[in-house]
Amino acid sequence: MRVRTRPERVATLSVPPKPSRSWLNWVLGGVLAGFLVGLVLRGDGDFNPLVDGWLGLSAMWAPVVVCWWAVYRTRFRAVEVPLVAAAVTCFAAGNSYFVLAARGGQVLPVPSLADIGFLGFYPLMLAALAVPAIRQLRHLGWPVLLDGAVGSLGAGAVLAVLLRPVLTAAVSGELSLATVVATAYPMFDLLLVAGFVGIGAAQGRNVGRRWSVLVLGLVAFAATDVFYALLQLNGQYVVGTPVDAGWAVGLALVAFWLDGTSRSATGRVLSVWSIPTQTVPTIATAAALGVLILGSQVAVSTLAVTLAAATLTLAAAPLVFRHRIRLADMHLQARTDELTGLPNRRALYSEIPKRLAVDPRRRSALFLLDLDKFKEVNDSLGHDIGDLLLIQVSQRLGGKLASSDFLARLGGDEFAILLYGSSAERAVTVAETLRSALSEPFVLDGVTVQVGASIGISLYPDQGDALGALLRKADMAMYRAKALRSGHHVYRDTDNTDGDERMRTLAELREGLENDQFVVHYQPKIDLDTNDVRGVEALVRWNHPLRGLVYPDDFIPLVEQAGLMKTLTGIVLEKALDQTKVWHAQGRPLTVAVNISASSLIDLELPDRILGLLTDRGLSPSVLMLEITEDFLMADRDRARAILVRLRAMGTRIAVDDFGSGYSSLSYLRDLPIDELKLDKSFIMSMSGNARATALVASTIDLAHSLGLRMVAEGVESGGDYAYLASRGCDVAQGLYVSGPVAAEELDRWLASRSSLLLPAGHD
Ligand code: C2E
Ligand code: CA
Ligand code: CA
């Protein structure tokens with residue numbers, strides 16, 4: 001069981017404005033509509049400069065602009081986007097050549113230079129299709145691939161029926177280069193449509209959202225090409241009929257699709273969307289049957305019949321080999337993670353030893369990757385959003401790995417990766433790549449979420465040749481990475497917190513609590529209005545007999561895990577209140593703030609214990625402030641609220657610590673008794689030169705004030721920040737610019753010297 005005392009401060013949550021359709025799409029629609037209307041109104045006749053020239057060319061080039069805009073937006077993150085853009089450009093260029101030649105009244109021969117442009121469209125589109133297909137299908141089992149094939153063949157059979165007139169005309173006429181080229185277009189269209197339908201079938205729930213728009217676009221293309229081929233074969237094609245608009249419509253739909261999908265969070269053309277897995281194969285099977293029935297009534301091409309028969313054969317294969325396929329499928333399902341489609345823990349245990357055994361001397365690296373803050377996303381935004389996040393995470397990870405690498409989801413937010421044949425250096429580089437891929441915001445159902453990840457790395461064979469040992473070491477390295485907030489960490493022997501080592505630390509911790517090894521340091525909180533120090537925050541340190549002063553981030557998690565938090569909080573409270581009593585006796589009426597962990601807010605006796613500590617020392621409850629983090633909301637909310645209400649009624653004050661770093665909704669500000677907000681230091685520390693961070697800080701100050709709360713800025717490290725916060729009406733500042741946390745005696749000296757000092761620089 002993992003206990004995290006505080007959320008790491010990497011996460012932000014924001015709801016973006018509703019995505020507006022880009023104005024480019026409106027221009028695209030307008031141009032297309034203009035062209036269509038023009039074609040209908042112009043009637044027959046020679047080349048019309050306005051309709052065939054200006055409008056026709058604009059209708060070709062507007063999709064090009066939309067596509068390249070999508071390339072710019074996705075910054076080449078996914079290769080398929082520039083490939084589609086290049087395909088559309090190629091077609092538009094060919095068309096422009098054609099139109100400009102027609103303007104001069106010239107009738108281009110078939111084939112001409114224009115056909116190079118038209119034909120260039122296909123290899124580029126097919127390449128764009130192949131890239132995600134290879135990337136995604138690698139992870140899929142063969143029952144799924146079978147679905148894809150059934151979908152492709154079914155689509156092919158239907159198109160072949162539509163193609164029949166072209167094929168007959170081509171065969172009956174004399175075979176020339178012109179007829180071959182004209183026939184080639186619809187054939188390529190068939191290939192493209194079949195390919196994309198196949199991908200849709202195999203992808204199931206992972207298919208691109210506007211995938212049907214794309215297929216529609218390609219079908220528009222195919223239909224237009226069939227018409228064109230028929231007209232061309234009969235020598236009847238002329239520029240300026242509504243047929244010309246078919247290509248423009250097709251290109252526009254392709255551009256529209258690219259624009260839409262490139263806005264998806266992954267920047268991947270194929271992103272998350274759900275269609276029931278069996279939909280496409282079922283339709284394809286029905287369509288193939290339809291083709292065969294049609295073939296028994298009227299003449300259809302041999303190609304169509306062959307494709308339809310192949311569709312049905314493949315679709316029937318699961319029935320014939322039902323038993324074997326069921327077994328294979330069950331085997332696959334038992335080893336597949338249902339949510340992400342990745343191999344699961346079981347697959348990992350059977351697969352990795354096999355891979356490592358191939359060449360036992362070959363060095364490899366095992367990663368354990370754990371998302372930071374996943375629990376918070378799940379708890380505050382719901383499991384559906386959590387699921388979407390995991391799917392997108394698995395896609396991003398998959399996209400950054402080589403085909404020889406092995407990626408599995410172990411459960412929850414934990415993933416394992418085997419980098420086969422990898423040195424330690426490559427492992428570190430890949431870890432950095434993966435982390436930066438995950439650091440880009442995720443858009444989940446309109447909510448933008450940012451998460452980080454921590455990666456623990458163990459090395460084969462240096463650190464073990466058994467999978468169990470490697471996993472354990474990667475796990476310890478991952479904890480190290482989390483504790484150090486370093487993102488990734490390669491296992492070292494000193495990280496072994498397992499077994500003996502852990503027991504020793506735990507025993508040491510108990511001993512430390514018993515033998516008074518914990519000390520409290522105090523950090524001043526300065527009133528920005530008067531420049532007075534009215535209060536301090538108590539921060540605990542472990543004065544370890546061997547290790548020296550140990551800071552809370554290195555032992556608080558262990559304290560929580562060992563269930564010793566109540567004891568530690570008691571010690572800190574006693575020491576802090578003892579010290580406060582001393583200060584008060586010296587005529588220094590300081591208040592003291594003590595950090596209370598979320599786990600303490602389930603202890604219903606806490607208020608009475610605190611009241612006892614205060615009365616023992618003759619202190620008023622108002623000298624004590626309790627700092628709680630937002631994650632208390634994740635626990636038992638009603639109980640936490642009851643405890644806070646009691647404390648507040650006594651006169652103790654409450655601050656929300658690390659404000660803004662959690663995923664909680666702000667509604668608790670309305671319901672809970674709170675006096676102070678302490679804006680998380682990451683916000684203050686990112687202010688310099690960052691206009692958005694600065695605006696955020698300013699508006700949080702206003703928010704606090706409008707709720708009647710005091711605003712405290714933490715992590716104030718520079719005079720500039722200090723002056724800015726003062727000018728914006730922030731109430732209190734805390735940070736290294738003023739003073740770090742120091743022992744009580746040192747604070748006394750600092751306070752004494754300060755009374756004779758000038759005001760801090762930069763403040764007026
Ligand atoms: P926190 O409550 O947010 O405490 C502020 C932390 O920021 C302290 O780290 C402090 O030394 C550091 N800090 C102060 N000014 C600056 C600055 O200008 N720049 C930067 N970068 N950092 C600054 P520390 O003492 O290591 O404490 C870490 C965390 O440990 C605390 O975060 C708090 O959550 C927890 N903690 C500390 N003492 C206790 C305790 O007695 N009980 C409990 N439950 N948690 C504690
Ligand atoms: Ca604090
Ligand atoms: Ca804080």
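Note: Cβ is positioned from N, Cα and C throughout, glycine not excepted.
These come from TrEMBL:
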type: TRANSMEM; residues: 23-41; note: transmembrane segment
type: TRANSMEM; residues: 53-71; note: transmembrane segment
type: TRANSMEM; residues: 83-100; note: transmembrane segment
type: TRANSMEM; residues: 112-132; note: transmembrane segment
type: TRANSMEM; residues: 144-163; note: transmembrane segment
type: TRANSMEM; residues: 175-199; note: transmembrane segment
type: TRANSMEM; residues: 211-231; note: transmembrane segment
type: TRANSMEM; residues: 270-294; note: transmembrane segment
type: TRANSMEM; residues: 300-321; note: transmembrane segment
type: DOMAIN; residues: 362-496; note: domain 'GGDEF'
type: DOMAIN; residues: 502-755; note: domain 'EAL'
Selected stretch (most C-beta pairs under 8 A with the transmembrane segment (83-100)) from 112-132, 144-163, 211-231, 300-321: 112-132
Per-residue pLDDT averaged over the domain 'EAL' (502-755), given as an integer: 91
Residues of the parent chain within Cβ reach of the transmembrane segment (211-231), under 8 Å, 6 or more residues beyond its termini: 159, 162-163, 165-166, 169-170, 182-183, 185-186, 189-190, 192-193, 196-197, 200, 237, 243, 246-247, 249-254, 256-257, 260, 270, 273
The domain 'GGDEF' (362-496) - residue tally per DSSP class, helix then strand then coil: 63 helix, 39 strand, 33 coil
Among the ranges 112-132, 175-199, 300-321, the one whose Cβ pairs under 8 Å to the transmembrane segment (144-163) are most numerous: 300-321
Other parts of the chain folded back onto the transmembrane segment (112-132), taken as Cβ under 8 Å at six or more residues beyond its ends: 78-80, 83-84, 86-88, 90-95, 97-98, 101, 181, 184-185, 188, 191-192, 195-196, 199, 268-270
Folded-back contacts onto the transmembrane segment (175-199), same chain, C-beta under 8 angstroms, at least six residues removed: 109-111, 115, 118-119, 122, 125-126, 129, 132-133, 148-149, 151-156, 159-160, 162-163, 166-167, 169, 207, 211, 214-215, 218-219, 221-222, 225-226, 228-229, 232-233, 270, 280, 284
